[in-house]
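Asks: One structure, as structure tokens, below. Some questions next.
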2 protein chains.
Amino acid sequence: MARLVLVDDPADERLADYVRLRDVSLRRHLETEQGLFIAEGEKVIRRALEAGYRPRSFLLAERWLAGLADLLAAHPDVEVYVVSEALAEEVTGFHVHRGALASLHRQQRHTVADLLTLRRLVVCEDVVDHTNVGAILRSAAGLGFDGCLLAPRAADPLYRRSVKVSMGAVFSLPWARLEDWAEAVPTLRSAGFWTVALALSDDARDLSEVAAEAAADPGRRVALLLGTEGDGLSRRWVEQADVVARIPMARGIDSLNVAAAAAVACYAFGPAS
Amino acid sequence: MARLVLVDDPADERLADYVRLRDVSLRRHLETEQGLFIAEGEKVIRRALEAGYRPRSFLLAERWLAGLADLLAAHPDVEVYVVSEALAEEVTGFHVHRGALASLHRQQRHTVADLLTLRRLVVCEDVVDHTNVGAILRSAAGLGFDGCLLAPRAADPLYRRSVKVSMGAVFSLPWARLEDWAEAVPTLRSAGFWTVALALSDDARDLSEVAAEAAADPGRRVALLLGTEGDGLSRRWVEQADVVARIPMARGIDSLNVAAAAAVACYAFGPAS
């Protein structure tokens, strides 16, 4: 069994990894400086550990001990802070519905070069919402894409909310961050990708037609470019892409949410062959 | 111009419609009792008014007055509470990024009987997350479905967060709440719908095959059944449905988020003919 430590002081230094989990700018600094990220809920914590991420500590309410007993036993040197639900809420700044948190060592497991060897990628330009990044990773993985590249300003896949919404897909789907926004599309093209910008331009082709063209050429490697919430892809990326694809819209609706659009587009390209 | 009222006391009774917007259980009671709902952000407020919902009041920071001037002018009898951003945050309990809120009269615009005359419906069983309900309404509308039925326990489409995530689709897509969970599928079937349960059962057929069968029969009316987050559709609905369709999953991912699955399924059924 891991080492259980009862903590009843919200200012206890040992809880420093878990403070103010909803304060995005504080967390961004703290997690980068300390090299950590937070997983929330038994299922997601389990997937992080199964994927080989190393825990720094756990923070649990007592009633969650039994459900995580096997995981805690597998990490006998890691401290488990056992707290009341009220104290967990005071430290983290929100009600921890699923009762269990883990702080894990942050790792960058893949490089852009690794990603460029894969067959089908989603590429997030400035998708800044953690929920959307998490949902895109989950859908991309589930629908047979092989990895995700993120522009410099896109949200962090290891932020608590991204991890949770991805249901742990962020641990199994390779991803890496591009260093250079301006060179992203030329880099993908010279690596052999057919770059498909998903956008609602008037001169875009229907997504189903673009996907059928890709399906007719099984060797074709596809990079699906997804733009920011609100304004969509930058003009630069749209102009540099090999093709612009649009999802036809009905009833005067002007667009889909980017995570919904990503799911539709990944599905349209069909199962990996 | 509407009547501008400067308010600097967070306890001012006139702000009662806007208190604690993140407190779901308080809001549920308050909004039902008072017959109101909240729209957030200029674009969504504009769409609510264009759709004919009547405002009770507006709550704005001063710098948002100009952007909404035409709307305020069109409602000369409605009070506009002008507050500091700090006071808005104190009253509502969160930072109002988009600076403008409206309280509108709640209306139930469609009945279940109205919905049963339409051609393609999404039907939410116990989808309890407001973000998911909002996203499903937006995707269903944009992808050519005609309406949405909600089981008794599904989340409220007029809750602030649903409205916002739907980007106002909740105002244009007809929806209604089912009174009886147990009789929902038989009711749809006797109204002439082909009921398609979206689920990951082993004996489910591939979604693409099910959608192709529907497309081959242009007169066929489709009701797409979507289950709760986590556990998916109830066994009852799955067993009562005409067909069970699954989205094939890759990379060991066990499922998509329900809003992503809804978008994929609506897209798979193709544009309305």
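Just so you know, glycine gets a Cβ as well, placed from its N, Cα and C.
Reproduced below are the annotations present in TrEMBL:
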- B:32-92: domain 'MRM3-like substrate binding' (DOMAIN)
- B:121-267: domain 'tRNA/rRNA methyltransferase SpoU type' (DOMAIN)
Asks: The domain 'MRM3-like substrate binding' (B:32-92): mean pLDDT?
Replies: 93
Asks: With DSSP as the reference, give the number of residues of the domain 'MRM3-like substrate binding' (B:32-92) in helix, strand and coil.
Replies: 31 helix, 17 strand, 13 coil
Asks: In the domain 'tRNA/rRNA methyltransferase SpoU type' (B:121-267), how many residues does DSSP put in helix, strand and coil?
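Replies: Split by secondary structure, the domain 'tRNA/rRNA methyltransferase SpoU type' (B:121-267) comes out as 55 helix, 31 strand, 61 coil.
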